[in-house]
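Chemist: Let me give you the structure first, and then I'll get to my questions.
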């Protein structure tokens, strides 16, 4: 990590209390950071707290019944201490987000042009006409054919891939310093996925925007990320640069995730599934959360391990890391 | 879009035909012989026969229908047997009264209902939400005549601010016209406001939980813009439908409310006509209100097209 991080999340914890009084710890002691121009992948299965983490950075979690602690430092300011008003000024300007569902994330009642112009006019002191020019420019930059004509289209006329491009154009219209992409390609066909990832990579090169890419797909991580944080049951269990993570995963859960990836360079065997199920987050276990499913479990796993360094630039939340010696 | 409107207009023809047949035949299923009623004390069969002949009551029913519908097309809805005036004249007289009342009631209903519905959706599960829901439920369940009597008691009898009954045309004296209609409009409006509130609330809750609202918030838009622009536009559809239907109901006359406030509108006209077996008047009034109702439905459909670009292509 060369430059000072643009975003650094420290010890973030999010607890939801339901109307029945049940408290669910969705995110627990999550820390990570990302530097300008870099892409951080946050990986994990559904329900592990990835999306909650990203929504708390955006300040978009519901206010009622949500308790957040820790620090979210963006450009040196702690977003958890900022007023709603100054958060609104940041959102869509310095800080932008795209979502998993391109089909429903655009308002069906307004043209895509309107929706992009709205974002620009909100944050820049320019007129609608100028903003409209800028919007067409953005549509062109996300490689939408005939951008001037598409400007007047309603979302229902566009395919999923095109809509996600519009979402990206909208998010990048004010040149944010950080883009959070929450499963941006999950709802798209594989060929379209590759196009969108390629587009995001190209735009990052052009603009120097940092990207936090939330995904459950290790293939996507391998393709675009520089660093990775692996999440399990609301915690970051491993952090590493992407090549190292794939070469030597240092947490048993990461090992398990990779085991469930199909490989062409090995004999065809049954894909390894991780036995057991994710713990109930309204009553999380006291010790390591992965212990119940872990093949390397030892008695010490009854107490919770910290996220500890296991090498230069990387850390893992496991008593048995580094794992290399175990394999021997 | 033009094609869609054309299609909807074409659908009107069979609907209206069916309605006219229904109105005509229902009329003949009612017990009682209008010729006898008209004859009054006169029991002379010759006179009764003459009355039958004069009003075409001696003809077979299909012939009577054709005669009637033919006249309808020329704007002749027949003559009231009781009042001896053309039905069309009666309608032209009473319609503006009912129309004024309906428009005012609708304004009350929409302003109160939409505002309360949006507020309770935005403040879901808060004290606001509960209070609005209780008041809304009370509004729906309070009988119109009771609320009307209470309002008269308070504002007319005790405070003396408003006249208890009667009607003045707005072209005569706007201020007095509003004074005579504000209470009945309020009575009619609040009942509808409760229903509109419930529908607005649920449509808004759905819209506020949608992905595009999250996108709007992610753009840094203020809650005011998020709620009134992004969510509202999409929550409008059920409100439009309901508004049109309720407006249609209002136009067919508010029998009880008009009675309580002595408003000479459609409601009173139709009640008097039914009690006196004044066939032509009942037919005319029902035909006009049914047609208006159908046209309002068409307008609601056009409203959807305006609110929903997916229908516009």
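Counting starts with 1 at the first residue shown.
Positions of Cβ are set from backbone N, Cα and C atoms, glycine also.
Whatever TrEMBL says is automated annotation, not expert-curated.
Worth saying up front: this structure is predicted, and the values here are computed from it rather than measured.
As annotated in TrEMBL:
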TRANSMEM  B:12-30  transmembrane segment
DOMAIN    B:95-300  domain 'ABC transmembrane type-1'
TRANSMEM  B:99-122  transmembrane segment
TRANSMEM  B:134-157  transmembrane segment
TRANSMEM  B:177-197  transmembrane segment
TRANSMEM  B:239-261  transmembrane segment
TRANSMEM  B:281-307  transmembrane segment
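I'm curious about the neighbourhood of these features; can you describe it?
Modeler: Panel annotation: around the transmembrane segment (B:12-30), residues 61, 64-65, 68-69, 72, 277, 279, 282-283, 286-287, 290-291, 294-295, 298 of the same chain, lying at least six beyond its termini, place a Cβ under 8 Å from a Cβ of the stretch.
If one looks beyond the transmembrane segment (B:99-122) by at least 6 residues along the same chain, the residues whose Cβ comes under 8 Å of a Cβ in the stretch are 128-129, 132-133, 135-136, 170, 177, 181-182, 184-186, 188-205, 208, 223, 227-228, 232, 239, 243, 246-247, 250-251, 254, 258, 263, 265.
Sequence-distant contacts of the transmembrane segment (B:239-261), counting only residues of its own chain at least 6 positions beyond either end whose CB sits under 8 Å from a CB of the stretch, comprise 98-99, 101-102, 105-106, 109-110, 114, 144-145, 148-149, 152, 164-167, 180, 183-184, 187-188, 192, 195-196, 199-200, 203, 267-271, 285, 289, 292-293, 296-297, 299-300, 303-304, 307.
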Chemist: How about long-range neighbours of the transmembrane segment (B:177-197): same chain, 6 or more residues beyond its ends, C-beta under 8 Å?
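Modeler: Distal contacts: 100-102, 104-110, 112-114, 116-117, 120, 132, 136-140, 142, 144, 147-148, 151-152, 155-156, 162-163, 165-170, 239, 242-243, 246, 250, 254, 257-258, 260-261, 263.
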Chemist: List, by number or range, the same-chain residues at least 6 past the transmembrane segment (B:281-307) whose CB is under 8 A from its CB atoms?
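Modeler: For the transmembrane segment (B:281-307), the list is 1, 4-5, 8-9, 12, 15-16, 19-20, 23-24, 27, 68, 72, 77-78, 80, 82-83, 87-88, 90-91, 95, 233, 236-237, 240-241, 243-245, 247-249, 251-253, 266, 269-270, 272-274.
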